[in-house]
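Residues or ranges marked as region 'Disordered' in TrEMBL: 1-30. Taken from TrEMBL, the feature compositional bias 'Basic residues' covers 1-10. Under the heading compositional bias 'Basic and acidic residues', TrEMBL lists 21-30. Annotated transmembrane segment per TrEMBL: 41-66, 179-197, 217-235, 242-260, 266-290, 297-324, 344-362, 416-437, 522-540, in sequence order.
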């Protein structure tokens, strides 16, 4: 099991200014005021300073996470096999394709090996570029080969520095989004500081470097920044075209780098749909964004050799349905309140029905079942009936796919982020409800409200989008802990925007009859500065202590296993075992696998369930037959799985297998009445006793405190 231990080494105020106003200050006769030139120069200076601060914070974040990674593992000092083992589970699988491309005789041979891969899944040839989102590994490997840097930089450092560099892009995008929303770069500074001080809940890049989300989320943040700018009022046509292009490029790169892109963009499409229904965004812009989402995803589909999971995605069906429905219902935004509510209800039902029909039709035509495990998981998670499905239970029992732990909120509250976020969210949500009602009301009601100018609540399109975005992704994070990183980073943006927003403080002060423009101006700068000082005072010493703490990678059992495999097994040997371990086997040794952690394929899921019978109550003959059907030469058994204690009864891997096989679970506790005692003992326990019925098929060839490797007898 991979651990870290203490390294054994010898002792040795800037002014925040608004962005340029979009409306020129003019005299009644149309002449520009005399101070226009001075104001313009001051605005240019403010933008320049804000840009320098953004880039500096982005680079500092990259250096910060890179230093943490080095200090945690002593990455520069450990052996290559230890570096590779540190890329855990699916991270190791993805990195193995980068390594494969680097070691190939030529770029052409490397690409051929990916398109016609027969080492990732034994007795099968699969197209890795079609199955997995690894174009980033392909691009980086080609870049490394053609750049004159091989003598100065090892391939692994080129890879990890690229990921750490993307963190700079991520932070800059968050900074810019907050700046665009509030009009002051002080807001961006606060967002970046919150992102860094809440690192435990905003990113995990320093210990899961090759994970797909670490590639994708920076591009998603860039896309949100581009959408935020696109939704500003009074844009010039050239600005609008440039922003649409930026949104498309960011959407494409986000989709290309993460297999869960379609689900994230579906939530984004729902946000756009809600806002469009309540007339809070320009309809033409929303339609363009739907088209961009679809075109970006379809382009990725082409690059992934027409990946059927993309074609059958709910996003494609939903966006197509919305575009069709808007064509049919052209007068959706006319009439009185009841009339519009009726039209909206019909519109929602039409879109929902069209989405289901189109999606079902596509999946029927393509015979698509790659994502069925996700819907089984969601059905069981939200209480639509219990399930004995092995794949669904495998997800349900993982902490990462459970509800967001409550201690997350206490950590976020320590930096004041959560308190500010709730305050801003409440005010903005109230404003959104008022604006939505006003937009749906008839013209007489609108005129009545316009007369009460002091009481009128407004919500800009860019702020409205970010409000619904944070609400929907917040719901996703609350339901599934692994997705919290999509929410917490945007939480930093939204909270900092609210704290530096003239509109938020204006609304707050009006509620207490304390509003003056001077008071609002003072508060919108003083409160963020005080917050920044508090964060610096409370967390700077902790960050310095964290950077000074030195540990090192320590996993001797896995290192011993990998070295033994490389030295004592043929290059063509096929290994069976747990998904997580086999990813490391492929990376460290290059041996052929029976299964792996990239779970978005029905045949692989069925294969994995069969391979995992090594931890179930099955006869040695059954296990041998199953393993040999996949061409297995060696099987690796892990004590941490066979005698698992990490999960409670009912969620241990052996329990999930027992339930799926209809067997009573081990240990004290209740069992479903239809479960029956197994006819055979648990294989992973009995095979270690060297009984004749087992040794005839399995002979132990390696053993340490964690792993047991058995060679399968050749079939006669």
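Cβ coordinates are placed from backbone N, Cα and C, and glycine is handled just like the others.
TrEMBL labels come from automatic prediction, so no person has curated them.
Touching of the transmembrane segment (297-324) and the transmembrane segment (242-260) is concluded from the presence of at least three CB pairs under 8 A, sequence neighbours closer than 6 excluded.
When each of the listed stretches 179-197, 242-260, 522-540 is scored by C-beta pairs under 8 angstroms to the transmembrane segment (217-235), 242-260 comes out highest. Residues of the same chain lying 6 or more positions beyond the ends of the transmembrane segment (179-197) and with a Cβ under 8 Å from any Cβ of it are 16-19, 46-47, 49-51, 53-54, 57-58, 61, 64, 171, 203, 225, 228-229, 232, 415, 417, 462-463, 466, 489, 492-493, 495-497, 499-502, 524-525, 528-529, 531-532, 535-536, 539, 543.
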